[in-house]
Amino acid sequence: MEFDEIKDALNALKRGESIIVVDDEDRENEGDLVAITQWMNDNTINFMAKEGRGLICAPISKDLALKFNLMPMVEHNTDGFGTNFTVSIDHATTSTGISAFDRMATARALINPESTPEDFHKPGHLFPLIAKENGVLERTGHTEAAVDLAKLTKAAPAGVICEIMNEDGTMAKGEQLEAFKHQHGLKMITIESLVNYQKDKDTSVELKAKVNMPTDHGAFEMYGFESSLTKEEIVVLAKGEPRVTENVRIHSACLTGDIFHSQRCDCGAQLESAMKYINEHGGMIIYLPQEGRGIGLINKLRAYELIEQGHDTVTANLALGFDEDLRDYHIAAQILNYFNVQQVNLLSNNPKKFEGLSEYGIKVADRTPIIVAENEHNHDYMNTKKIKMGHLI
């Protein structure tokens, strides 16, 4: 499909236009019409009802929901995607509440500073949805996309969305969405592109502590960071003053390898090799909580069970329902930005780390391989990393 740049979509929204926002194929894999409440024109909701044909909802921030005492529609939300519906509403000035103009009045009242909870009748014909506070960086839904887009256009944190259905009542996807885009002259973006746009703008790590850390491989400084998005704790082991081009090892936590010296992998040996290199040449190790390439400790142990039954490290993850590698390097890039590191000599054998850093604006100027000895227990694992995952070993 042909997608537009986020900046072009923002400009369209500020002109009062609707845009199409497409989510991931592993999620709903659908397109929603999205408009910003503050900027939408008088025909927006009528267009959504006539051409979109889906349920018209009003994504809002948590603060707006609290302001108007909009409580969850149900006590126990069993929606497959966790969509946070509140009780439906009509503005007191509307007639039946269902007309496009009544729903437009209700939506606009949600961003009126003078509106009060008493101005809304419940239930009604407009369905507010409460967005997660960290937007698409926390939940990749159309609800969060609409509120994030509103904020990016400097508008009140509220929007209007409607699923796009075909004339036969089926959901529009793929080529059907592209045809809809061209038929109506709309901009179309993906939630994935909005996530990346937000990550580029995000400063979500905060330094919490800094201490001296003597180790078997030299004396370092250890920095403790916290992600404001996930509340994860990240440590950085550093030697010397940060440089514009820095020696950097991005190491994914491996309890079994780093702590218990498991011979199933090469993680512990790579960490020790990196510490020796950084102690001699200066630089930093960013230690990310990405156990099992992002699937977590217990799932990694479950993957080991499958490996004992004949799977390799890639097919085991796939058999458990995960991608082969779930890691993202947004937080690593944020930490490098904190230290004003613009480019790196990356201590790694993994090309995906080069791509992951580049995606967030960090240039990989050079690479230093980390070569460690194989053993009888990790030979197949190392071979799979080389052949299936493209590791340069």
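Glycine too: its Cβ is placed from the backbone N, Cα and C atoms.
Taken from Swiss-Prot, the feature active site, proton acceptor covers Asp325, and the record attributes it to sequence analysis. Under the three-state DSSP scheme, Asp325 (active site, proton acceptor) falls in the coil class. A 10 Å cutoff on Cβ-Cβ distances gives Asp325 (active site, proton acceptor) a total of 19 other Cβ atoms nearby, all chains included.
For Arg327, the entry in Swiss-Prot reads active site, nucleophile. Neighbour count (other Cβ atoms within 10 Å of the Cβ, all protein chains): 18 for Arg327 (active site, nucleophile).
In sequence order, Val21, Asp23, Asp32, Val34, Pro59, Ile161, Ile191 are the residues near His142 (D-ribulose 5-phosphate binding site), counting only same-chain partners six or more apart with C-beta under 8 A. Residues or ranges marked as D-ribulose 5-phosphate binding site by Swiss-Prot: Arg27, Glu28, Asp32, Arg139, Thr140, Gly141, His142, Thr143, Glu163.
Residues or ranges marked as Mg(2+) 1 binding site by Swiss-Prot: Glu28.
Swiss-Prot lists Glu28, His142 with the feature Mg(2+) 2 binding site, giving sequence analysis as the kind of evidence. When secondary structure is read from DSSP and collapsed to three states, His142 (D-ribulose 5-phosphate binding site) falls in the helix class.
A C-beta separation below 8 Å, combined with a sequence spacing of at least six in one chain, links His251 (GTP binding site) to Cys267, Gln270, Leu271, Ala274, Ile285, Ile286, Tyr287, Leu288. Annotated GTP binding site per Swiss-Prot: Arg249, Ile250, His251, Ser252, Ala253, Gln270, Glu291, Gly292, Arg293, Thr313, Ser348, Lys353, in sequence order, evidence recorded as sequence analysis.
Within its own chain, Cys254 (Zn(2+) binding site) has Ser262, Cys265, Cys267, Gly268, Leu271, Glu291, Gly292 as residues 6 or more apart in sequence whose C-beta sits under 8 angstroms from its own. The annotation Zn(2+) binding site is assigned in Swiss-Prot to Cys254, Cys265, Cys267.
Summarising the annotation, Swiss-Prot assigns region 'DHBP synthase' to 1-200.
Residues or ranges marked as region 'GTP cyclohydrolase II' by Swiss-Prot: 201-393.
The Cβ of His125 (site 'Essential for DHBP synthase activity') lies under 8 Å from the Cβ of Ser88, Asp90, Thr96, Gly97, Ile98, Asp102, Arg103, Thr106, each of which sits 6+ residues away along the same chain. The site 'Essential for DHBP synthase activity' annotation in Swiss-Prot covers His125 (among others), and the record cites sequence analysis as its basis.
Annotation note: Glu163 (D-ribulose 5-phosphate binding site) sits in a strand segment as assigned by DSSP. For Glu163 (among others), the entry in Swiss-Prot reads site 'Essential for DHBP synthase activity', with the evidence type sequence analysis.
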Nearest-integer angstrom distance between the alpha carbons (Cα) of Ala253 (GTP binding site) and Thr140 (D-ribulose 5-phosphate binding site):
25
So what pLDDT does the region 'GTP cyclohydrolase II' (201-393) average out to?
94
Count of other CB atoms lying within 10 Å of the CB belonging to Asp32 (D-ribulose 5-phosphate binding site):
29
By CA distance, which of the binding-site residues (Thr140, Glu163, Arg249, Arg293, Ser348) lies nearest to Arg327 (active site, nucleophile)?
Arg293
Given a separation of at least six residues and a C-beta threshold under 8 Å, show me what packs close to Ser348 (GTP binding site) in the same chain.
Arg249, Ile250, Phe354, Arg367, Pro369, Ile370
In the three-state scheme derived from DSSP, which category covers Cys265 (Zn(2+) binding site)?
coil
DSSP-derived structure type at His251 (GTP binding site), helix or strand or else coil:
strand
